[in-house]
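Below you'll find the structure, written out as structure tokens, and then a few comments.
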Amino acid sequence: MTKYFGTDGVRGVANLELSPEMAFKLGRAGGYVLTKHADKNQRPKVLVARDTRISGQMLEQSLISGLLSVGIEVLSLGVITTPAVAYLIKVQEASAGIMISASHNPAIYNGIKFFGADGYKLPDATEEEIEAILDAPEDILPRPEGEGLGTVEEYPEGALKYTQFLEHTIPDDLEGLKVAVDGANGSTSGLISRVFADLETDFTTTATHPNGLNINDGVGSTHPENLVKKVLESGADMGLAFDGDGDRCIAVDELGNIIDGDKIMFILGHYLSEKGRLKQDTIVTTVMSNIGLYKAIEANGMKSAQTDVGDRHVVEEMREKGFNLGGEQSGHIIIFDYHNTGDGMLTGIQLMNVMKQTGKKLSELAAPVQTYPQKLVNLTVKDKDAWLTNDKIQAAIDTVEKEMNGDGRVLVRPSGTEPLLRVMCEAATEEKVNQYADQIAAVVQSEIGE
């Protein structure tokens, strides 16, 4: 298990847990590990980008200094999205890419995530190799001198190459569709107008004026309520909300209903399936996807494959089994036909393309997914794994599952960061879901609760 790396890179409160000193060390260690097998006849190249957080420039300078100190050529992208970095690695044939962002988290946080030469997030073994260098008693990495030091080059045309890529993933423009777009005051803020104007949409924007502190602040994919108002007030056909680094997308239909990642996956999957383009007729989901999605998938002749929470697990399953569509309820949608990581703007464009090609409203496309009421109970416990071998807890779960008789779901899972056990139930009615969740939670509390 990694010490510094979480499910999405290294993350913490900027200037405290994620300090400039740490960024420098990550630049040296990460840069060395990711370029040590590069062609010795040419200087290794690494792309660096950031989102709009106030701490971004501070960490960027330190990170780049670390990279330069091990002889790496840095292409600086400035403010751009995480999926843009992953895409441009391949365009530039770079050894790696690094994004400075804490995604959907508040401005006080920041993070550093690495991508390999293939544009994918790093495997655990590579992260562990970087951590071993960070924890070594002394720094034994190379310290080149003179012409051996790295250099920095600005790469402003990267944004244009990325937006052109997005625009060419659909066969036609999106003229005739009216859309409201929420940029979360993040990385997509400077790209939205260019893309949606080029695609000839009638668009309005909100949360596209970052000031370093307002990223994700009551806006974006984790706070779509403002976008709902914007859609209804403007009479838009739909709304799209991205997160701070642009790898998530949540939509809003013309009636003001929130269309989460589950519904987006269904809409895209159903469209691809009908066109014979959904590989193995399978959508890859995580354990947090609603039972309503699974019922809709099955009712429409498709299948699902399930992974643990985290888009990296979805990507691993897709790569291993040859699937081309997957994602999370939170709005990370991966469409392997075009990209190898979650991309909010790509997802939004594909969703609008389905609307244009079918002539259907977003509410109509999402209607087959009837989301079941869900209740989540977090319980502080003495031992997060004790529930697995506790007979009374297992019996309580079995009893509820038998009562559900296939018309509901129980998911019990430990928190990855806190001494909590999460009990999640889904059922056909609010009354039933409350009853079932409370029933199991009461037994957990009495058996292993603190």
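Yeah, the Cβs are placed from backbone N, Cα and C, and that goes for glycine too.
Annotation comment: Swiss-Prot describes Ser103 as active site, phosphoserine intermediate, evidence class sequence analysis. All protein chains considered, the CB of Ser103 (active site, phosphoserine intermediate) has 29 other CB atoms within 10 Å. DSSP assigns Ser103 (active site, phosphoserine intermediate) to coil, not to a helix or a strand.
The number of other Cβ atoms within 10 Å of the Cβ belonging to Asp245 (Mg(2+) binding site), over all protein chains shown, comes to 35. Sequence annotations record features per position, and here Swiss-Prot assigns Mg(2+) binding site to Ser103, Asp243, Asp245, Asp247.
Annotation comment: Swiss-Prot describes Ser103 as phosphoserine.
One way to see the shell of the Mg(2+) site is to take the Cβ centroid of Ser103, Asp243, Asp245, Asp247; the remaining same-chain residues with a Cβ within 8 Å of it are Asp51, Thr81, Thr82, Ser101, His104, Gly186, Ser187, Phe242, Gly244, Gly246, Arg248, Gly342, Gly344. Its Cβ placed at the centre, Asp243 (Mg(2+) binding site) has 34 other Cβ atoms within 10 Å. Listed in sequence order, the residues of the same chain lying 6 or more apart from Asp247 (Mg(2+) binding site) and placing their CB within less than 8 Å of its CB are Thr81, Thr82, Pro83, Ser103, Asp311, His332, Thr341, Gly342, Asp343, Gly344.
According to its DSSP assignment, Asp245 (Mg(2+) binding site) is coil.
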